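Participant: According to TrEMBL, the protein has these features:
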- B:D29, B:D76: Mg(2+) 2 binding site (BINDING)
- B:D29, B:G30, B:R31, B:G32, B:F33, B:H34, B:S75, B:D76: GTP binding site (BINDING)
- B:D29, B:G30, B:D76: Mg(2+) 1 binding site (BINDING)
- B:6-135: domain 'tRNAHis guanylyltransferase catalytic' (DOMAIN)
- B:139-244: domain 'Thg1 C-terminal' (DOMAIN)
Number of protein chains: 4
Amino acid sequence: MAKSKYEYVKQFELDDSLLPNTWLVVRIDGRGFHKFATAHGFTKPNDRPGLDLMNACAVAVMKDIQDVVLAYGESDEYSFVLHRSSNLYTRRASKIASTVVSLFAASYVFLWSRHFPEKTLQYPPCFDARVVCYPSDSNLRDYLCWRQADCHINNLYNTCFWEIVHSGRSEKEAEDELRGTVASEKNEMLFSRFGINYNAVPEMFRKGSVVVREEAEVTSLSAKTGLEVVRRKRIPTVLHVDIIGEEFWKSRPELLGS
Amino acid sequence: MAKSKYEYVKQFELDDSLLPNTWLVVRIDGRGFHKFATAHGFTKPNDRPGLDLMNACAVAVMKDIQDVVLAYGESDEYSFVLHRSSNLYTRRASKIASTVVSLFAASYVFLWSRHFPEKTLQYPPCFDARVVCYPSDSNLRDYLCWRQADCHINNLYNTCFWEIVHSGRSEKEAEDELRGTVASEKNEMLFSRFGINYNAVPEMFRKGSVVVREEAEVTSLSAKTGLEVVRRKRIPTVLHVDIIGEEFWKSRPELLGS
Amino acid sequence: MAKSKYEYVKQFELDDSLLPNTWLVVRIDGRGFHKFATAHGFTKPNDRPGLDLMNACAVAVMKDIQDVVLAYGESDEYSFVLHRSSNLYTRRASKIASTVVSLFAASYVFLWSRHFPEKTLQYPPCFDARVVCYPSDSNLRDYLCWRQADCHINNLYNTCFWEIVHSGRSEKEAEDELRGTVASEKNEMLFSRFGINYNAVPEMFRKGSVVVREEAEVTSLSAKTGLEVVRRKRIPTVLHVDIIGEEFWKSRPELLGS
Amino acid sequence: MAKSKYEYVKQFELDDSLLPNTWLVVRIDGRGFHKFATAHGFTKPNDRPGLDLMNACAVAVMKDIQDVVLAYGESDEYSFVLHRSSNLYTRRASKIASTVVSLFAASYVFLWSRHFPEKTLQYPPCFDARVVCYPSDSNLRDYLCWRQADCHINNLYNTCFWEIVHSGRSEKEAEDELRGTVASEKNEMLFSRFGINYNAVPEMFRKGSVVVREEAEVTSLSAKTGLEVVRRKRIPTVLHVDIIGEEFWKSRPELLGS
């Protein structure tokens, strides 16, 4: 049973290395999450434990893969940014994307019960992944703006939509009523009709979640002395902040730095 | 917060469609499974529940993705074959590979307790995935031969290795002793020194696992009459058989057929 | 002036190897040939010396690149077929396509005066090139059928078009008259109105040109004896035959053979 | 002869678009130019009319393809830089590379007699082409530095090599003598042994050729008035200057500008 006569089949594995010196963004996306959300009774428009679980998975990915410098999540999707200098898996696209999505999906099941202690997971979720190169810092920032603007637009719409539905209308009626409305009209509707100040909606829902490595004090026991040791370490930390403006980037020059 | 001015970033997502009319093989591979096996006390050289769990995940993938016509697994890897006529996700490489690996990894955690009722999963496993095109039927069969020959060679080696170690030698000594030996010498060693007829080793270990859709009788209750209904359905079924010879393929002409 | 500190830029050259064991077709296409034909007073709908020149360039390419087993040309395009077993330039797409198009374009200028002894070349022509993989013999044959059917359809249309124009109508009128007509109507128009039996139109125009390596007697002088030596060699030979039916392929089993 | 049943073969043409917002460099390279140079009696180490012809071809390419902002040539190779904002042929790699190499190779034959009025072209030359993306301005400049440093190193070596050979040694002896020598030793050898001040060697040989679009006065006859009209136009212009230092780029801010 000589393996060697079959080994030629390895030649069919073509190289899929990504262009060096570009930002790599791995975006994972829930497949069939509408059905998944229904099957698990997720709250509409935002399910807090569900989003917390997504964030916990993102943190798990970042703890495992050091080359991820930032992650951004909203709804059932998450984007992971690898630094332009990263040489992870010699930048092979399939290797990078599959490792990230595998860790994320497996963590989702693994961490489920921590976030849903009273709910049984009915079936494992599924995510797809792709990896995209962005050549300039400004392209990368525009990518993240695109996702955060998407989060805002969807959340404003969904907040209105579910308020209308919860007020007794059908989903069809809610859709019809919202068709063609602009942001200011939706804000006004929420305020005058449902008594909701959109700006008071939790930032997690309006801005999505950003994970960056923030310095924090970490306390541990010294193996040698048995005493508590306090060290400063960079820990993946979930924030709900604006990443479109300059502020976020100015206060974290290391993110885009080399 | 106009999304439109950022939407240009979508153009950076390049098309990664795979060549039509070629067999697609998605191979997933455990990352750091040596450590994972140790952390979970897997039996050496083969852990039966561990392999059963891998097979259960492969079945879950095939139940979800109809375009997979056959899967082959050994050790911590699994190959999924999509028919050359498949147009799944318009044959986008990243979409196909990430969906398969996501389902597999999430199923691994989801199904863990069914296969290891007494063991707690310490941390989620990780798999990578790649997708490879094979133009001809014979290239595809050679690919599968390559994996099954690899299974055989590794299992024969590992069986010897662990017998030597279990007999009191160090891993280094076992390695030294096996260096340069050919198959017949390993067979002889197993027989004369450890009383093992290698051909009596379970086929699951020697041949790996093949999953194909086999027709089976499925019994269900009719919603109308309340009576039992028996139907013949094609069900992903795990086999431990030779796929190098002609027999397997001759008796399943539909596998390579159009 | 140390070169080494800049050599990292070589890493940006990504591998573009083509899938092994697939037929490779390099198709080159004239850029702006309508203008080129006008500038050089080419006869419409077919310029015999112009087509002869295209064929001579194809022969030159085949004399240089042994891996090309067949070429097919019509109008201002030519397709070169490399055998599925070819490993030319380790199957790098850009290397293969650029070499073929460079040879073709340079030969066009080099051989111009032989085919147009009385016409001065006004400016060098331009061709683009792409390379496409075809996994099965039948895909390859369908590709060639596609091009030969294209030749037929265009030539029938153009023959009618220019007869109408030469009979005194404007190009616009000819276009209007032909819009929506089927093949039989065009044949009938040629016969009844212009006295042309389409089947008597030269096969070069109706079928395009196929170049294959045909065995022929080659006479040369022996360096040793000074006497004439006759040998049988395979020489790129231009044919104007049907390649859609079986006949062409049956009589040349070596084309698709291994 | 329905074309439609064959048109499915178009699906096998996979998209090869290049990443947006990256500098594109098309490098063409002579194939077998050692033999070509010998067949045409080119002077060693540099053949002035041969290099002039290369430059004329580069100018022809730039006159045709406006997206090329700069070209750099040395020996039998030429690099063409397309601006990062270029959308030529929707950035399809094969289309861009093949068009450039086709124009270059055809121009080489077309312009031959102008540069070699007394020499007959024996056979058409051949060039291959590849296209490479460079994400940052500094990557692009490093690429060009790499080529100009290569030019310098080769020319210094070749100048020594041919002086030694012309002084009566064999090529083998020249090679042996130069093995392991550093730049300063080669400079010294040229000066003390052959009376050559390397810095007095023409800059075309030492620095290669840069083609940029320089503003120049262009005189033409007005079609309306019949009088001479002088306009300022940007004309592809061949320079032999240093492009490694800052000077070249500082004085041409439009090159890297948007």
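Heads up, the Cβ atoms here are built off N, Cα and C, so glycines get one too.
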Participant: If you measure B:G30 (GTP binding site) to B:D76 (Mg(2+) 2 binding site) at Cα, how many Å is it?
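Facilitator: Each residue's Cα considered, B:G30 (GTP binding site) and B:D76 (Mg(2+) 2 binding site) end up 5 Å apart.
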Participant: Which whole-number value in Å describes the distance between the Cα atoms of B:R31 (GTP binding site) and B:D76 (Mg(2+) 2 binding site)?
Facilitator: 9
Participant: Sub-8 Å Cβ contact with chain A: please pick out which of the binding-site residues B:D29, B:R31, B:G32, B:D76 have it.
Facilitator: B:R31
Participant: DSSP helix, strand and coil counts for the domain 'Thg1 C-terminal' (B:139-244)?
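Facilitator: For that range the per-state counts are 56 helix, 25 strand, 25 coil.
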Participant: What does the structure give for the C-alpha distance between B:D29 (Mg(2+) 2 binding site) and B:S75 (GTP binding site)? Integer Å is fine.
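Facilitator: Rounded to a whole number, the Cα-Cα distance is 9 Å.
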Participant: Taking only the residues in the domain 'Thg1 C-terminal' (B:139-244), give me the average pLDDT of this model.
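Facilitator: Mean pLDDT, the domain 'Thg1 C-terminal' (B:139-244): 95.
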Participant: Within 10 Å of each Cβ, count the other Cβ atoms, then let me know which of the binding-site residues B:G30, B:G32 comes out lowest.
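Facilitator: Counting other Cβ atoms within 10 Å of each of the binding-site residues B:G30, B:G32 gives the minimum at B:G32.
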Participant: Given the binding-site residues B:R31, B:H34, which one's Cβ is surrounded by the fewest other Cβ atoms within 10 Å?
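Facilitator: Across B:R31, B:H34, these binding-site residues, the one with fewest Cβ atoms within 10 Å is B:H34.
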Participant: Using the Cβ center of B:D29, B:G30, B:D76 as the Mg(2+) 1 site position, which other residues in that chain lie within 8 Å, going by their Cβ?
Facilitator: B:I28, B:R31, B:F33, B:S75, B:E77, B:F127
Participant: Output, ordered by sequence, the same-chain residues six or more apart from B:S75 (GTP binding site) with a CB under 8 Å from its CB, or 'none'.
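Facilitator: Correct list: B:G30, B:F33, B:C151, B:N154.
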